[in-house]
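Copied over from TrEMBL, here are the features:
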BINDING   CYS100, CYS105, HIS182, HIS187  Zn(2+) binding site
REGION    20-39  region 'Disordered'
Amino acid sequence: MQPGLRTPALSWGKGKVSWGKLGRSGGSRSSKTFKPKKNIPEGSHQYELLKHAEATLGSGNLRMAVMLPEGEDLNEWVAVNTVDFFNQINMLYGTITDFCTEESCPVMSAGPKYEYHWADGTNIKKPIKCSAPKYIDYLMTWVQDQLDDETLFPSKIGVPFPKNFMSVAKTILKRLFRVYAHIYHQHFDPVIQLQEEAHLNTSFKHFIFFVQEFNLIDRRELAPLQELIEKLTSKDR
């Protein structure tokens with residue numbers, strides 16, 4: 001696991017969402033607080049881009065939905081979609097938090113071959129081994145900090161994206177992929193029980209088409225879900 005970037009990153013709405021005990025069991029899981037949902041201000045150019053993305057998604061053609069709209073800035077398109085995926089993954093993980101505990105997931109893994117250790121390059125410089133819920137809490141908090149940094153994810157018209165923006169966006173997406181990988185490998189049974197399977201598959205397929213379109217995640221990082229990726233994308237080649 002590579003240490004995270006030092007550079008933080010968007011100020012498109014700063015509300016907190018306390019999720020408490022989501023899922024079906026009423027166990028003693030402590031209340032979990034993530035910090036979505038990022039709200040892109042109505043009337044802004046980012047909002048128009050998001051509406052465009054949602055409208056194109058409604059057509060059912062995911063390959064077309066992820067393409068850069070004509071005349072638009074690539075950085076802005078990646079920023080809007082990164083915020084959207086962050087929100088989606090927060091919601092999906094929120095449905096199974098009762099099943100992802102210190103006891104059930106003492107390490108952050110994606111099947112028996114892949115284990116992730118956390119480092120962010122600033123607060124935690126040396127990768128540490130921790131439970132999946134702890135890792136995902138670190139991860140989501142770190143991503144939120146990136147998205148809340150106006151110097152990295154500018155929300156004001158005319159403010160340019162920094163030169164390292166794409167590098168940071170790639171790191172965010174690489175780490176968000178790990179949450180999908182953990183859910184699929186360790187918690188797919190509860191996903192089926194909660195009837196969230198179609199939602200999860202559609203979200204992940206959209207995510208994969210997007211990162212493939214702009215080459216945002218190294219193929220080696222996608223290895224834990226390579227078979228699933230091939231299955232989900234084979235019909236759309």
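Placed from the backbone N, Cα and C atoms, the Cβ positions cover glycine too.
Known features from TrEMBL, placed on the structure.
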| residue | record | Cβ within 10 Å |
| --- | --- | --- |
| CYS100 | Zn(2+) binding site | 23 |
| CYS105 | Zn(2+) binding site | 19 |
| HIS182 | Zn(2+) binding site | 25 |
| HIS187 | Zn(2+) binding site | 23 |
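Each of ILE96, PHE99, SER104, ALA132, PRO133, ILE136, ILE183, GLN186 belongs to the same chain as CYS100, CYS105, HIS182, HIS187, is absent from that list, and has a C-beta within 8 angstroms of the C-beta centroid marking the Zn(2+) site.
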